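Asker: Sharing a structure here in structure tokens format.
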């Protein structure tokens, strides 16, 4: 799901996700899981109240917010996962006065105001994106001009040119090696350490430059979804806000996360999607809220998207593309100079672009998605989420695609790992995440493992789907099979300050 701008698969923003790499503090990160209940921020001085268009009639589950008994300022805890069915989803939030001033990491209400933009220079990443087609066009024209010049050259001059190249081959080789050394030096002088994971990566663009670019993209998304935004009073908006706030408050020991100001946007769209821009703008589609079975799955998905922003994956992916594109321009010029006809040059250019896409771009994107899954699982574990529900979500997605008969593409053709491989990867990470959750003094998980419950019911669901398909073959007009996942754990006698449960 994530990633920001063009970093996600087509049709999405796992996008698009996609700012600063700071050294880890001495002694490692502290686990601040058990924090006081969040205090709602008052409107800041000078804020402008903005009215939105009335939202469309919501589809799927209804979301309802209610007060919980005063827990005496105890830890903020998530309940065991449970199937929500078609009931009302309630987010029980701690009561009491809300008078504290917003701090770093607080979730702010999103107000969209059209203002006149000031004239200032475009950020460097934006200029690079705008000039990228011009660079390719220049390489094509240069290569084609070299080919025409060589064809028009008389035979005697061609021989003289070849002889000159043979005489100066060592100078030419020295010049090429010097350019290659500068290229390699540029690479090693722009290596930085990824926050949290410590992975070494290439980072060309700075935080401030990408902040400006993300603001441009934010304006684009707001213009696109201006009439589909849910108001802040909508219960689904409130649930997403509470989940993001809880994840942020539980991970304030991470410097890169604590400096973000999260702004929530819930979009009335059927697509199963969510993404976070590098400037902290969180976009969640209502299709995702209808797809998750409980708040634990939603917490993991939002943790995954937040991890993209915290790790700076957008700037990292753009840096790699920028670095590889420089080499591709050299090869593109050579292709148009060597190929005898334009048709062959176009074919060679297409082959080169596909090789770059499948050798560099997509594998690297899948690596970033796997890293975001790992870090997102850690963020969820420190927030006392049942991390076992993370792999169940991707198993549900795999099952839904199987029932709907959607074709399965090979993973190497996608920018994201397959649902099956993603679930297996999370299953390998869950034991470590459970230890991290326990070290944060979270309440122990009661009841059976949701993964086991899902596997026990999967065969029954597949059999029911096949029976319905055979019935639809003889009868027309019947509705499609809807996949229902049964409850996984009971919720009685669980002291929680943040719970999600179905109503009668």
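Using N, Cα and C of the backbone, Cβ positions are placed for all residues, glycine too.
Just so you know, TrEMBL annotations never went through curation; they're auto-generated.
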Asker: According to TrEMBL, which of these ranges is transmembrane segment: 113-131, 132-150, 151-169, 170-188?
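Answerer: Comparing 113-131, 132-150, 151-169, 170-188 with TrEMBL, transmembrane segment matches 170-188.
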Asker: Which is it, of 41-77, 189-225, that TrEMBL names as region 'Disordered'?
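Answerer: That would be 41-77, the stretch labelled region 'Disordered' in TrEMBL.
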Asker: Over the domain 'Peptidase M48' (241-428), work out the mean pLDDT and round it to an integer.
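Answerer: Reported value for the domain 'Peptidase M48' (241-428) is a mean pLDDT of 93.
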Asker: Which residues of the chain, 6 or more past the ends of the transmembrane segment (170-188), have a CB below 8 A from one of its CBs?
Answerer: 202, 323, 326
